[in-house]
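Record features (Swiss-Prot):
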type: ACT_SITE; residues: E181; note: active site, proton donor
type: ACT_SITE; residues: E252; note: active site, nucleophile
type: DOMAIN; residues: 729-815; note: domain 'SUEL-type lectin'
type: CARBOHYD; residues: N24; note: N-linked glycosylation site
type: CARBOHYD; residues: N253; note: N-linked glycosylation site
type: CARBOHYD; residues: N284; note: N-linked glycosylation site
type: CARBOHYD; residues: N302; note: N-linked glycosylation site
type: CARBOHYD; residues: N389; note: N-linked glycosylation site
type: CARBOHYD; residues: N429; note: N-linked glycosylation site
type: CARBOHYD; residues: N461; note: N-linked glycosylation site
type: CARBOHYD; residues: N521; note: N-linked glycosylation site
type: CARBOHYD; residues: N526; note: N-linked glycosylation site
type: CARBOHYD; residues: N570; note: N-linked glycosylation site
type: CARBOHYD; residues: N724; note: N-linked glycosylation site
type: CARBOHYD; residues: N757; note: N-linked glycosylation site
type: SIGNAL; residues: 1-23; note: signal peptide
Amino acid sequence: MTTFQYSLVFLVLMAVIVAGDVANVTYDGRSLIIDGEHKILFSGSIHYTRSTPQMWPSLIAKAKSGGIDVVDTYVFWNVHEPQQGQFDFSGSRDIVKFIKEVKNHGLYVCLRIGPFIQGEWSYGGLPFWLHNVQGIVFRTDNEPFKYHMKRYAKMIVKLMKSENLYASQGGPIILSQIENEYGMVGRAFRQEGKSYVKWTAKLAVELDTGVPWVMCKQDDAPDPLVNACNGRQCGETFKGPNSPNKPAIWTENWTSFYQTYGEEPLIRSAEDIAFHVALFIAKNGSFVNYYMYHGGTNFGRNASQFVITSYYDQAPLDEYGLLRQPKWGHLKELHAAVKLCEEPLLSGLQTTISLGKLQTAFVFGKKANLCAAILVNQDKCESTVQFRNSSYRLSPKSVSVLPDCKNVAFNTAKVNAQYNTRTRKARQNLSSPQMWEEFTETVPSFSETSIRSESLLEHMNTTQDTSDYLWQTTRFQQSEGAPSVLKVNHLGHALHAFVNGRFIGSMHGTFKAHRFLLEKNMSLNNGTNNLALLSVMVGLPNSGAHLERRVVGSRSVKIWNGRYQLYFNNYSWGYQVGLKGEKFHVYTEDGSAKVQWKQYRDSKSQPLTWYKASFDTPEGEDPVALNLGSMGKGEAWVNGQSIGRYWVSFHTYKGNPSQIWYHIPRSFLKPNSNLLVILEEEREGNPLGITIDTVSVTEVCGHVSNTNPHPVISPRKKGLNRKNLTYRYDRKPKVQLQCPTGRKISKILFASFGTPNGSCGSYSIGSCHSPNSLAVVQKACLKKSRCSVPVWSKTFGGDSCPHTVKSLLVRAQCS
């Protein structure tokens, strides 16, 4: 062989090694097909921009351990192209690094390119400069929009291809999404909307990724794109694929819901999520994505209007990346049970059998020795049914999974997974006035502003999304000083009013009602008076038709002076975009030196004050959080990086702040002397109440009945599938407890085998109780990082109350 031939062979081998294993991804009416093999896939949404590169490996590893096969993420256009033609893929924006990290863990990727994503993200992910393109109308058959959408989509796909990230190149991306929930707005555009959908599908095909494309909430998604479902109950609400040759895909199964300021959080139980996933699988669903699996943090100004900084904290992995139990563990067991059924589910015929008015059996299998069944009870009451000559007690509103059509391996209403208690502990108090310095914004006068208009300007058009804040000022003559009333009709989100430099009041809207009327009494000078209004946005809109037409800000300004009304809509107004502290970047070390700071003084006479202090990083590896419970409204920075907006003073209807703790990723921190800067808009904020906290799981609890199935054994080395899953139907259910890494069970706080009252949140000994409960559990668990206790009378020395369904409830402390 010649030297040239050796070189050629070497290059070919290197190309194969670099590319990895090329996969052929297709689909039929049952599921996605990867290299000729049908797959049931569980996916979890983890957004690279809502965490940090340092967190990615742990998040992905925990997702894999929880039975996730696919990591799903949006691609954020406004993050990657904040200015037209200027691209940024650095730091937490490094999507290539994120996808490669997913591949390193042996998982697939679903890439949701959008480019409109909604996602409670500023402007739905669209860059604001797009708003300024002449003649543009978003998300319809509009040439300027289509031009930029195509240019962006091609750029992202080209980037993915250049890194060999599609499965057709040996990469992990097996599925892509174009557009997002267009069915929610399509009617507003009528025929142009239908044309846009067809054009979008054609664009996706032309991008030639070698993997299938989906459109969610788009019932008429053109071939070959697959229409997919979003929502909490797709097993009940999804009409199904629009072609018999397309699989049933659930792109967003909401594990909780995003929270807005002033609204209570929506808590969704592990049992409810599992029920609807199992029901979707029973009805031939084959791909389920949890939105979110890890929500993370809306750092900076990335949250959309009125959305809090913490995002989907109730997901299986919480905001800090800690396991949210029992949600994480219960879904892991569900995934394992379904994987036990994968072969008959995908290769067998489905038969539906009525077991009662609200009870149904879905049976899968071609052969007698290859059979799986899913028993569904839609009733709110327990039901006993007969199936294949055996009796089954079905819990209320539950689904039972029978991998062999005989034995129950999993029931959605019976939780074997432990419950966790998350605790925040103050590590450093910033309570000394000597620790703080302050700098107060000055209220600009008309003559100090650089933008002039003879009418009221719209907020977003003026700020161009460079700041949440817009000053609008004017001056007028008053012949005599007199009590007067200022009336401002405002389209949100908040407004602070000043007359002659004095603060006279504030008002704000809500997520559901942006518009409000600020009406404040004031005293005017005899002669010239200066009126200054600070319009404040709390995130850009992110959904609905015609985003490019949205307006925010003052719509009318009036002053009643006791005799007549002055109208200011067509007065000369001066405008200033942003605050002085923003202009000088006072939240950075260099910018901080550009203004004159003063020693903190306990004065609440003026809002719009910047505070700065320094703190040392808490020891250990527990997540770090900033407790802002003593503050009002504003934004916080650590070492120049924004950890997000806060609005502690906006309480829910139950009287609670929407959010108190704000995540500081450890990668933002230095060992010592971290710069903390707070912008406080309101007068009531007190920085002396701020603490630096750590977050950890300090208590674990298990509550398992002797009627529960034994947990599915799932050795998680190469992924969940039938080959590496085993199940022993003769084994007893058990309580399993595990402390976080580095901690052990130090104390048993409660233990009762029998009929304990309550649950892990609130409990007491019931009428039936084994006196050996505490001793048995202490022997099995104390000084161990993990333990298990069989829920069986023999474990506790006998049955003191026969013919009674018993359970074991254990609560333990981790130290």
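Numbering starts at 1 and runs along the chain as it is shown here.
Backbone N, Cα and C define each Cβ position, glycine as well.
Structural mapping of features recorded in Swiss-Prot.
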{"residue": "N24", "record": "N-linked glycosylation site", "DSSP class": "coil"}
{"residue": "E252", "record": "active site, nucleophile", "DSSP class": "strand"}
{"residue": "N284", "record": "N-linked glycosylation site", "DSSP class": "coil"}
{"residue": "N302", "record": "N-linked glycosylation site", "DSSP class": "coil"}
{"residue": "N461", "record": "N-linked glycosylation site", "DSSP class": "helix"}
{"residue": "N521", "record": "N-linked glycosylation site", "DSSP class": "strand"}
{"residue": "N526", "record": "N-linked glycosylation site", "DSSP class": "coil"}
{"residue": "N570", "record": "N-linked glycosylation site", "DSSP class": "coil"}
{"residue": "N757", "record": "N-linked glycosylation site", "DSSP class": "strand"}
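N429 (N-linked glycosylation site) has N253 as its nearest neighbour among the glycosylation sites N24, N253, N284, N526, N570, going by CA to CA distance.
Shown are the glycosylation sites N302, N429, N461; the one with the most C-beta atoms within 10 angstroms of its own C-beta is N302. Helix first, then strand, then coil: DSSP counts for the domain 'SUEL-type lectin' (729-815) stand at 13 helix, 33 strand, 41 coil.
Cβ neighbours of N757 (N-linked glycosylation site) (same chain, under 8 Å, six or more residues apart in sequence): Y763, S764, I765, G766. Recorded residues N389 (N-linked glycosylation site) and E252 (active site, nucleophile) have their alpha carbons 38 Å apart, per Cα-Cα distance.
The two recorded residues, N284 (N-linked glycosylation site) and N521 (N-linked glycosylation site), have Cα atoms 64 Å apart. Summary: among the glycosylation sites (N253, N389, N526, N570), the fewest other C-beta atoms within 10 A of the C-beta are counted at N389. Distance noted between the C-alpha atoms of the residue listed as 'active site, nucleophile' and N521 (N-linked glycosylation site) is 49 Å.
Following the DSSP three-state reduction, the secondary structure of E181 (active site, proton donor) is coil.
Cβ neighbour counts within 10 Å, taken over all protein chains shown, single out N284 as the most crowded of the glycosylation sites N24, N284, N521. Restricting the average to the domain 'SUEL-type lectin' (729-815) gives a pLDDT of 95. DSSP classifies N389 (N-linked glycosylation site) as coil under the three-state reduction.
The two recorded residues N526 (N-linked glycosylation site) and E181 (active site, proton donor) have their Cα atoms spaced 57 Å from each other.
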